[in-house]
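S.K.: Right, I'll just put the structure down here and ask away after.
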Amino acid sequence: MAKRDYYEVLGVGKNASDDEIKKAYRKLAMKYHPDRNPDSKESEEKFKEVKEAYEMLSDAEKKAAYDQYGHAGVDPNMAGGFGGGQGYGGFAEAFGDIFGDIFGQQAGGGRRGGGGPQAYRGADLRYSMEISLEQAAHGHEAQIRVPHWDDCDHCHGNGAEPGSSVETCPTCHGAGQVRVSQGFFSMQQTCPKCHGSGKFIPKPCTKCHGQGKLKSQKTLEVKIPAGIDEGMRIRSSGNGEPGINGGPPGDLYVEVHIKAHPVFERDGDDLHCQMPISFATAALGGDLEVPTLNGKATFPVPEATQSGKTFRLRGKGIKGVRSGYPGDLYVHVNVETPVKLTEAQKDMLRQFDRSVHEGGSRHSPQEQSWLDKVKSFFS
């Protein structure tokens, strides 16, 4: 099945700003998050689709490639992976030479010097981390294990079986590029024999298969700043895939996702919570104690508080990761109807109800307003 357009997935236009893309992603991620839809396979698939779209459109380089070439511009299958014979340059390596010759520039961040093989920056790596709302609010330090490439201990990193040597590629003579004529056009392409390395290994290392490196894992310390929001990324420079032909390594991006909280719902730096209160407290008023991410807080509830009333507690939200200022906590109170009443309690409520209605409508203004609106239906 063909992939949907990434802009369509997020519900934004192709000219959407970074903030608009992030806002749309945050809204959809909260809607389809697996923690909120534990038994929905459809929601899980939509969450993955939304996450993939955001990963592409929030990265300036990937977004530019997608805008110009569509899904082909960001499809990792367009070039071989690390372990295969096609190298690991990705889309830029596959098309950089052709478009570079036509437009007079090198695409994809490659560099060439002295006619030798072209060097490419290593691919970036992504790591998804899930943390609690408390960890997001207060900051967090975590250890993660990520892919790492070490020099092969069998061939000491040169890719050749011990006792043999690495030779200059006989096809491109070490340049890593070959010139191909097609009609009136002459274009440079990556050498099909050495795949751009400029080298030829007659007897590849039996352990690393000529790559010179072995994939392993390493542990990194990640510092998550206080106030980080859903979908934000932390960059660890130089911890991506290794470069090709002497190019610099890529970066590691740690994408942070925040678990759904049983009490609070986050909106930027603000927090929202639903709080049930008794009928007596709503009618008579009183002080309420409410939880916050930094302990308990007390606020006054005035007399005659109606269900659905919202109270704002300034500075009780999350300290902004960029602004440094805390958001607010919004407490939405819901008047709870008592259940499992005894007969004596029911009699008391009936007496109370009669006494309230004997005084006219001044005790129930919303009820009277509603009756005034619908009385024509009963006449």
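Glycine too: its Cβ is placed from the backbone N, Cα and C atoms.
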S.K.: Quick test of your reading of Swiss-Prot: among 236-259, 356-379, where does it put region 'Disordered'?
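M.R.: In Swiss-Prot, the region 'Disordered' feature sits at 356-379.
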S.K.: Between CYS155 (Zn(2+) 1 binding site) and CYS172 (Zn(2+) 2 binding site), what C-alpha distance do you get in Å?
M.R.: 24
S.K.: Relative to the mean position of the Cβ atoms of CYS152, CYS155, CYS205, CYS208, the recorded Zn(2+) 1 site, which additional same-chain residues have Cβ within 8 Å?
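M.R.: Apart from the listed residues, the neighbours are ASP153, HIS154, HIS156, GLY157, ASN158, GLY159, ALA160, GLU161, PRO204, THR206, LYS207, HIS209, GLY210, GLN211, GLY212, LYS213, LEU214.
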S.K.: Can you break down the zinc finger (139-217) into helix, strand and coil residue counts using DSSP?
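M.R.: Going by DSSP assignments, the zinc finger (139-217) contains 0 helix, 35 strand, 44 coil.
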S.K.: For the C-alpha pair, I'd like the distance in angstrom between CYS169 (Zn(2+) 2 binding site) and CYS205 (Zn(2+) 1 binding site), rounded off.
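M.R.: Taking the Cα atoms only, CYS169 (Zn(2+) 2 binding site) lies 17 Å from CYS205 (Zn(2+) 1 binding site).
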S.K.: Among the binding-site residues listed here (CYS172, CYS191, CYS194), which has the Cα closest to the Cα of CYS152 (Zn(2+) 1 binding site)?
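M.R.: Of all the candidates listed, CYS194 is nearest in space.
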